[in-house]
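The FAD binding site annotation in TrEMBL covers B:ARG202, B:227-228, B:241-245, B:258-265, B:ASN279. Per TrEMBL, domain 'Electron transfer flavoprotein alpha/beta-subunit N-terminal' is recorded for B:3-182.
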Amino acid sequence: MKVLVTVKRVIDYNVKVRVKSDNSDVDLNNVKMAMNPFCEIAVEEAVRLKEAGIATEVVAVSLGSKVCQEQLRTALALGADRAILVESDEILESLTVAKLLQKVVDDEKPGLVIMGKQAIDTDNNQTGQMLGALTGFPQGAFASDVKVDGDKVQVIREVDGGLQTVSLTLPAIVTSDLRLNEPRYASLPNIMKAKKKPLDIKTPADLGVEVKSHTRLVKVSPPAERKAGIKVASVEALVDKLKNEAKVI
Amino acid sequence: MAILVIAEHDNSELKPATLNTVAAAAQMGGDLHVLVAGAGCQSVADAAAKIQGVSQVLLAEDACYEHQLAENISLLINELGKDYTHIVAAATTSAKNFMPRVAALLDVAQISEIIRVESADTFDRPIYAGNAIATVQSLDSIKVITVRTTGFDAAAAEGGSATVRAVSMLHNAATSAFVGAEIAKSDRPELTSAQVIISGGRGMGNGENFALIEKVADKLGAAVGASRAAVDAGFVPNDMQVGQTGKIVAPDLYIAVGISGAIQHLAGMKDSKVIVAINKDEEAPIFQVADYGLVADLFEAVPQLEQQL
Ligand SMILES: Cc1cc2nc3c(=O)[nH]c(=O)nc-3n(C[C@H](O)[C@H](O)[C@H](O)COP(=O)(O)OP(=O)(O)OC[C@H]3O[C@@H](n4cnc5c(N)ncnc54)[C@H](O)[C@@H]3O)c2cc1C
Ligand SMILES: Nc1ncnc2c1ncn2[C@@H]1O[C@H](COP(=O)(O)O)[C@@H](O)[C@H]1O
């Protein structure tokens, strides 16, 4: 079974992003970029399926500008066999990403697509589910455990009340939650080897998808700042403040 | 034209998140309809019909909708949704699962987790873990929207008298099946609707020590939350995680115990009215958002707090 795994290039999760002074967007100049943490988890899961003899090939896909090749090389160093970049300098909204991925799925015919549950830049949490609708595949979103069994995959999902288990008929889509696994680090020899692994480049036009905008970004503003509070010296003082000043207890 | 709100429920009870969602939808302008899709959920439809401002409740009952499987529910909403200007649901794990499928089926964008309605087609939503607020205009004729419930006061649960109409549309994709669920049973209020929350982080050291926090929670009638580190370490279950990728909360009082205050955690709680931090490291970033900070060892401070309440 072939496994397709998606890899998004995003701002590093340690960086606190700032809004541009003209409120047109956030400022990504000279900001450290990295693989979306949920995609790292997705890649790890795919590689583990290969190590377990369940996946025969792991194909990593990224969509965006040329520099996304960096994150694809990382995926290759982590154990993916080959990579596909759908290259575009335009803003790719989730629905467009899903449409492009649908074409890649048509070409590659994977048994399983593993994606992140959420990109930490847009915080959209929707692309995997959209791909599910477009392909007609079932989905195990927010997965904390994935077990392939014949033509089915059993997925444990993190839901508001606890955990839910579903059984999906393959081909299916899984989106990773934080507890699915702990991603490994790429070793230096594997980083070197990754440079020689195949990386194909396609364009949205090659895939026959029109890049369309369904939304317009009107402005981006900084969030309301909390004003700095005070330090209290003791538990007594804290209880007193909560009772008599804040009046919340 | 009308707006379709998708009810959040467990087949027996309408969840409070629906009330905040109705309030958000009301700001978009239009007749408000609520869809209750499930199995044996007449009582939910009856409750939805009483919500102030709702004019019609659509009730779709079938075994294939019982567990809100995204594959089936999305097909149902896709069919119903074509007659609406907006399809709106609370940003719970259930709606986050099926709403993007609805959007893709309708060939429109989903605008996720809005916190404000600027106009019928323009909405504010946090991006980058809440470090920026994007104002987004939808260019689609049908707007598919999830609502961050903390951004909207609840609509009144009583006072309305909507008609309940049964819809008999059956959509069973038959590609997925519910196997089981482990749903935490607790007498405490739910995190997302609690007035007071006390959360523990890695500083708690282990799961047993959460008992210290629970005792305080009992006195305050509070819900108990946690940081990702506490969940990852296995101290407490995943449904307690507060943050960018966990639950978003905004209680009157949030007490963070042994939590450093990473941006991902702050993203889930910094809209709380009053924030208290108890941490032994005076440099911990949590103190930058805390109204009242106590630099102390939690193992001394928390039992004292419990005694003094
Ligand atoms: C993609 C992604 C998503 C994430 N999503 C979330 C999320 O939704 N929610 C979330 O919380 N995190 C999330 N995180 C993790 C986040 O970055 C932090 O790692 C996490 O919040 C840290 O948890 P913590 O504060 O409990 O642990 P730490 O950062 O280790 O802090 C522990 C604190 O406890 C204090 N302490 C220790 N012992 C005591 C004591 N005896 N008395 C008093 N204080 C003590 C220490 O001084 C320290 O400040 C996410 C990370 C990533 C990459
Ligand atoms: N441009 C992209 N390139 C690769 N993967 C993407 C892209 N956009 C979204 N994804 C995948 O979809 C997941 C969810 O993204 P989102 O719906 O934007 O939060 C991400 O974790 C990625 O795995």
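Glycine too: its Cβ is placed from the backbone N, Cα and C atoms.
Annotated features taken from TrEMBL, shown on the structure.
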residue  : record           : Cβ neighbours (10 Å)
B:ARG202 : FAD binding site : 16
B:GLN241 : FAD binding site : 28
B:GLN244 : FAD binding site : 23
B:ILE259 : FAD binding site : 31
B:ALA262 : FAD binding site : 19
B:HIS265 : FAD binding site : 28
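The subset of binding-site residues B:ARG202, B:GLN244, B:ILE259, B:ALA262, B:HIS265 lying near chain A, with Cβ atoms under 8 Å apart, consists of B:GLN244.
Mean pLDDT for the domain 'Electron transfer flavoprotein alpha/beta-subunit N-terminal' (B:3-182) in this predicted model: 97.
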